[in-house]
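*Asks:* Dropping the structure in here first, questions after.
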Amino acid sequence: MREKRKLDHLKLALQSNTQSNSSSFDELHFVHRSLPEKNVQESTLSTKIGGQQLNSPLIINAMTGGAFSTEKVNHDLAVIASETGIALAVGSQKAALRNKELIRTYQIVREVNSKGPIFANLSADSHVEDAMNAIDMIQADMLQLHLNIPQELVMPEGDRNFNGIIDKIHRIKEAVSVPVIVKEVGFGMCQETYKVLNDIGIEIIDVGGKGGTNFVWIENERREAKDFDFIKNWGQSAALSLIESSAYQDKIDFISSGGIRNPLDMVKSFALGAKGVGLASPILALLKEHGIEKTIDQIHNWHDQLKSILTMLGISCIEDVIGTPLIIGGTTKEWCECRDIDYKVYAKRGLSE
Ligand SMILES: Cc1cc2nc3c(=O)[nH]c(=O)nc-3n(C[C@H](O)[C@H](O)[C@H](O)COP(=O)(O)O)c2cc1C
């Protein structure tokens, strides 16, 4: 059942991404500067997440493993990550913890990419021993614990009892030796969630916002009656999730993901406080449609384009993006008004200098 589900996800994910044609990132605007006094070649894209130095802020986010045919996909993703120097997360390793024959479908990433940053992945509803085994399986540099409650509820065979997950995350965080990332899978997060995670010592969060891969839509497609269609817009965008995170950014490193389409979305994420950006289905789509070489070229191109945008903003590194003014409009602004979040603070940054 789990193997079949993994294959369904690979197939349906690419269709799900075409479901939304607008993005909250389009409601955010930088202020153009005509005299940046910067040189593109002096820009750097390095960043620090969970105390680990990364050469690029890009992460190929968790997707697959766990069905025999997915070994090839993970092999290709590992080649892409290795050639471009970006981090790679494997998909949920639960399948391999239950069936040892599937371990290969994950270990291939470490074989191909022996030195690069690789993240393990499990549901947040996991036991400490499973978390340790998942890390060991691929000698992971970090562990992602995913939260996907709407997906489970729409999934016919999904979980229905979510009691005790906070305690499980806490126990795993205390027990494992690598940094723990708590991530959503496309529904976003809010201040209330950040408070809970901060209280149990979580130091890295991937906001996994709405607007890209849509797991309610995917699971609804897998239901015979397709009767959960009405809930397909559930959740917060990555932009909103980052805006919600401002009070926690000095304690927690945030990663932006969910519907990231291009380098401008990435730089807007940095302006909202993110230290890294995760992409899942856009990488899968590139790989499927254009193959390994073209995907590598595209990521190199994104790196160059990121540097171009930094230069236009008059800065040379990712951590300085947070000082640049950003205008917030549309429904994102309305959300801020309703939640009593001061969106004008973003527009006024740097004005007194
Ligand atoms: C085919 C596929 C499988 C996925 N499987 C997992 C998974 O096993 N664990 C997980 O944490 N996230 C999983 N995700 C979610 C992604 O990591 C990411 O959070 C989500 O797709 C939003 O990013 P995107 O809009 O760039 O695709 C999967 C995504 C896709 C497309």
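Each Cβ is built from the backbone N, Cα and C atoms, and glycine gets one as well.
I grabbed these lines from TrEMBL:
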type: BINDING; residues: Arg5, Lys6, Ser92, Gln93, Lys94, Gln151; note: substrate binding site
type: BINDING; residues: Ala62, Met63, Thr64, Ser92, Asn121, Lys183, Thr213, Gly259, Ile260, Arg261, Ala280, Ser281; note: FMN binding site
type: BINDING; residues: Glu152; note: Mg(2+) binding site
type: DOMAIN; residues: 167-321; note: domain 'FMN-dependent dehydrogenase'
*Asks:* Enumerate in sequence order the binding-site residues Gln93, Asn121, Gln151 whose Cβ-atom distance to ligand 1 is under 6 angstroms.
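*Replies:* Checked binding-site residues vs ligand 1; flagged Asn121.
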*Asks:* Going by Cα-Cα distance, pick out whichever of the binding-site residues Ala62, Asn121, Glu152, Ala280 is nearest to Arg5 (substrate binding site).
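*Replies:* Going through Ala62, Asn121, Glu152, Ala280 one by one, the closest to Arg5 (substrate binding site) is Glu152.
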*Asks:* Can you tell which of Arg5, Lys6, Lys94 has the most other C-beta atoms within 10 Å, given these are the binding-site residues?
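*Replies:* Answer by Cβ density within 10 Å: Lys6.
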*Asks:* Using C-alpha atoms, which one of the binding-site residues Lys6, Gln93, Lys94, Gln151, Glu152 comes nearest to Asn121 (FMN binding site)?
*Replies:* Gln93
*Asks:* Near Ala62 (FMN binding site), meaning Cα within 10 Å, which of Lys6, Lys94, Glu152 (binding-site residues)?
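*Replies:* For Ala62 (FMN binding site), the binding-site residues whose Cα atoms are within 10 Å come to none.
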*Asks:* Can you tell me which binding-site residues out of Lys6, Gln93, Lys94, Gln151 are within 10 A of Thr64 (FMN binding site) by Cα, answering none if there aren't any?
*Replies:* Lys6, Gln93
*Asks:* Please report how many Å separate the Cα atom of Thr213 (FMN binding site) from that of Lys94 (substrate binding site), as a whole number.
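*Replies:* Rounded to the nearest whole number, the Cα-Cα distance is 21 Å.
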*Asks:* Near Ala280 (FMN binding site), which residues of its chain come within a Cβ-Cβ distance under 8 Å, counting only those 6 or more away in sequence?
*Replies:* Ala13, Ile60, Asn61, Ala62, Met63, Gly212, Thr213, Ser257
*Asks:* Roughly how many Å separate the Cα of Glu152 (Mg(2+) binding site) from that of Lys6 (substrate binding site), to the nearest whole number?
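*Replies:* So the Cα of Lys6 (substrate binding site) lies 14 Å away from that of Glu152 (Mg(2+) binding site).
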*Asks:* Based on Cβ atoms within 10 Å, give me the single least packed residue among the binding-site residues Thr64, Ser92, Gln93, Asn121, Gln151.
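*Replies:* Sparsest of the binding-site residues Thr64, Ser92, Gln93, Asn121, Gln151 by Cβ contacts within 10 Å: Gln151.
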*Asks:* Just how spread out is the FMN site if you go by the largest Cα to Cα distance in Å among Ala62, Met63, Thr64, Ser92, Asn121, Lys183, Thr213, Gly259, Ile260, Arg261, Ala280, Ser281?
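*Replies:* Roughly 23 Å, rounded to the nearest whole number.
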*Asks:* Provide the three-state secondary structure of Gln151 (substrate binding site) computed with DSSP.
*Replies:* helix
*Asks:* Could you round the CA separation between Lys94 (substrate binding site) and Ile260 (FMN binding site) to a whole angstrom and send it over?
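*Replies:* The Cα atom of Lys94 (substrate binding site) is 27 Å away from the Cα atom of Ile260 (FMN binding site).
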